[in-house]
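K.L.:
This is the structure I have questions about; it appears just below.
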Amino acid sequence: MTPAPAHWSRPLRLLHWLMAALLLALLAVGWTMTHVQRDLGTTFALYQWHKSYGLLVLPLLALRLAARLAPTPAPLEHSRLERRAARAAHLGFYALMLAVPLSGWLMAAASPLALPTRPFELFTLPAPVGPDEALFERLQFLHEVLAYALLALLVLHVLATLKHQFLDRDGILRRITL
Ligand code: HEM
Ligand code: HEM
């Protein structure tokens, strides 16, 4: 049997940091555009930015899942419980990286404003549902809850990384550094 590699594969390391930056920017822009009053032109531009870059998460996620097929380093966690928690957190991230953009897409389609979604002005995204106020409100709530669940998981993930790096001193960051 070949021994487990010392690092995550290069494509996975690249995608981890590229997507981390993108997801943080999406959380920040999503919050700003819904909470900070601006002129209509700026708000519209922020929404378009958010939708285009939010949809970009889906093809990147497909690439990341493909990159995940390469051999992965052995778990560093010390107890069975920690190992299970880390697996659950990583699985949770993948589920949310799929569910957040999908709920956003459906919400935009159900919006009573009935504006087409045109990622990067390249093409018009198909609308799986039509304008529907009640459905829009439910999806808006769902998108918000899922997006902030992603943020909460990120906080736990960073705390776990700090614990490994500075308390256990097991060099965890080296395994994912570019
Ligand atoms: C929203 C942003 C982030 C997401 C969704 C995320 C998700 C993940 C996932 C799913 C893995 C497992 C490997 C993989 O499948 O890619 C991982 C590994 C890792 N992440 Fe993140 N991450 C994020 C941000 C961060 C940040 C900001 C840090 C640094 C403080 C960090 C530190 C690490 C480390 C050290 C590992 C390696 C764990 C190991 O070797 O067992 N991540 N991350
Ligand atoms: C992983 C990707 C995404 C993240 C992390 C994200 C995050 C967020 C956040 C944090 C908010 C603010 C919620 C609030 O406080 O009310 C938001 C709002 C919104 N998002 Fe996303 N989003 C993503 C993808 C998408 C996509 C793909 C679309 C549509 C194609 C979309 C459409 C919207 C819309 C229209 C709003 C505003 C809803 C309102 O007016 O209340 N998002 N998003």
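Cβ atoms here come from the backbone N, Cα and C positions, even for glycine.
Whatever TrEMBL says is automated annotation, not expert-curated.
So TrEMBL has the following annotated:
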DOMAIN    7-176  domain 'Cytochrome b561 bacterial/Ni-hydrogenase'
TRANSMEM  12-33  transmembrane segment
TRANSMEM  53-70  transmembrane segment
TRANSMEM  91-115  transmembrane segment
TRANSMEM  145-162  transmembrane segment
K.L.:
Are there residues at least 6 beyond the ends of the transmembrane segment (12-33) whose Cβ is under 8 Å from a Cβ of it, and what are they?
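P.N.:
For the transmembrane segment (12-33), the nonlocal Cβ contacts are 43, 46-47, 49-50, 53-54, 56-57, 60-61, 63-64, 67-68, 70, 97, 147, 150-151, 154, 176-178.
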K.L.:
Could you give the mean pLDDT over the domain 'Cytochrome b561 bacterial/Ni-hydrogenase' (7-176), rounded to a whole number?
P.N.:
96
